[in-house]
Amino acid sequence: MISSASRQHLNPSSQTEITAAPASTAAVGESTFRAGKVSAIAAAHGVHDTYQAFLPPLLPLLIEKFSLIKTEAGLLSVFMTAPSLLQPFIGYLADRRSLRIFVILTPALTALAMSLVGIAPFYWLAAMLLLIAGLSSASLHATGPVLAGRLSASRLGLGMSFWMVGGELGRTLGPIIIVAAVSTLGVQRTPWLAVGGVLVSLWMAYQLRHLPRRHPESHQALPWKKAIITMRPVLIPLSIILVTRALAFVSVSTYLPTFLTEEGASLMLAGASLSVLEAAGVIGALISGSLSDRIGRRPVMTFSLISTSLFIFLLLNLRGWLQFPALLGLGFGLLSMTPVVMAIVQESFPENRALANGIYMAVSFVSSSFATLAIGAIGDLFNLRTAYLLSAVLVLVGLPFLFRLPGSRKTLKS
């Protein structure tokens, strides 16, 4: 039977829906923000993503070891990312079973798999290890934000900020750690790095020991088909926003050093660009979630889309070190949207949080994958400057669809 909160989502224009969503988050979850537990989950996310970030630095070693062509090397990345498509299914199961088991086990599982990739004697074994790491990653990213959200009560945006900052820090530290380990210890000793992930899993088992195996919301979870129908009015406009934003996200997260080099930037500037972008993004992600709890989700998302477009235009019209302020603004604005979107997804569907989050993660993965191919194709046909211009314009197309999304009470009052 569909609850009253769920029935309201069948009419996306209803003001009742807009005011009810955040209230339900606190009503069915924790009554206060559990800072210690949320921080622990964010830390586990960071450690997990540290290991997941081992692959790019290891690829040159694997290419040489197995005499791989570029396509075979690229397939290794596909093996790790393809399980993201299973996140809706994982989320559906997690809504009815246990969330904490995924958060506890995945740091150790990913650590073991990724620490063994470098010493795999065969290509197929390296691919199998990456597939295991990919399944582990999909499980954590489908369920971890939901558990953090339930422990965040009415400060859901802040909880999602914690979650995202953990992941961003992990992706920053991962390449540094694996390169240092290979350089000083040799690739044959990288399996010892798995100890950190195993210890974190043991620590998480202790941290989450008092949480119920099944959350009280689990008995309210809707059947698959009813849940999808209920989610459609929110997830369709949200997916459109994600698609229009994907070109901008990929253009700066994947092609930024290449673009700056083509534009005549020094190697130092091009190399430092991603670090500057990432640092600003961490600050943006940390601030935006908490701010959206206070002023509403929609104003923060509006700022994110407009500022992303504006700072891409500035980046295209500045040269040399003057581009750094544009990179700071671009990183802050671009990454500030993610915790807000995750908060919207969870507060809109309290009965099926993990399923909704899994669908969001899968849509984000697919849109980013196609955007990567599109930016590359545009860059080959024209140049990356044209691709950047197109992404700056396209990101604004998502603005009208913001008004199809639920907001907070404060958004409605304003």
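FYI, residue positions are counted from 1 along the chain as it appears here.
Keep in mind that glycine also has a Cβ here, set from the backbone N, Cα and C atoms.
As annotated by TrEMBL, region 'Disordered' applies to 1-23.
The compositional bias 'Polar residues' feature in TrEMBL is assigned to 1-18.
Annotated domain 'Major facilitator superfamily (MFS) profile' per TrEMBL: 24-410, in sequence order.
Taken from TrEMBL, the feature transmembrane segment covers 101-120 (among others). Residues 41, 44, 47-48, 51-52, 54-55, 58, 61-62, 90, 94, 126, 129-130, 132-133, 136-137, 139-140, 142-144, 147, 182, 187-188, 190-198, 200-201, 204-205, 208, 213 of the same chain sit 6 or more residues outside the transmembrane segment (101-120) yet have a Cβ under 8 Å from a Cβ within it.
The transmembrane segment feature in TrEMBL is assigned to 126-148 (among others). Beyond the ends of the transmembrane segment (126-148), by six or more residues, the same chain brings 38, 41-42, 44-45, 48, 51-52, 55, 62, 66, 75-77, 79-84, 86-88, 90-91, 94, 99-100, 102-103, 105-107, 109-110, 113-114, 116-117, 120, 159-160, 162-163, 211, 342, 346, 353-354, 357-358, 361 to within a C-beta distance below 8 angstroms of the stretch.
As annotated by TrEMBL, transmembrane segment applies to 169-186 (among others).
According to TrEMBL, the transmembrane segment annotation covers 192-208 (among others). Same-chain neighbours of the transmembrane segment (192-208): 36-37, 40-41, 43-44, 47-48, 51, 100, 103-112, 114-116, 177-178, 181, 185, counting only residues six or more beyond its ends whose CB sits under 8 Å from a CB of the stretch.
Annotated transmembrane segment per TrEMBL: 234-256 (among others), in sequence order.
Note on the transmembrane segment (268-288): residues 157, 161-162, 164-165, 168-169, 171-172, 252-253, 256-258, 260-261, 300, 304, 320-321, 323-324, 327-340 of its chain, located 6 or more positions outside it, place their CB under 8 angstroms from a CB of the stretch. What TrEMBL lists as transmembrane segment is 268-288 (among others).
Marked as transmembrane segment by TrEMBL: 300-318 (among others).
The transmembrane segment annotation in TrEMBL covers 324-345 (among others). Beyond the transmembrane segment (324-345), the same-chain residues lying 6 or more positions past its ends with a Cβ under 8 Å from any Cβ of the stretch are 145, 149, 156-157, 159-161, 163-164, 168, 234-235, 238, 241-242, 245, 248-249, 252, 273, 276-285, 287-289, 292-293, 297, 300-301, 303-308, 310-312, 314-315, 318, 353, 356-357, 360, 405-406.
Residues or ranges marked as transmembrane segment by TrEMBL: 357-379 (among others). The list of residues near the transmembrane segment (357-379) in space but at least 6 beyond its ends in sequence, with Cβ under 8 angstroms from a Cβ of it, reads 81, 84-92, 138, 141-143, 145-146, 231, 235, 238-239, 242-243, 246-247, 249-251, 254-255, 341-342, 345-346, 386-387, 390-391.
For 385-403 (among others), the entry in TrEMBL reads transmembrane segment.
Here the domain 'Major facilitator superfamily (MFS) profile' (24-410) returns a mean pLDDT of 90 for the predicted model.
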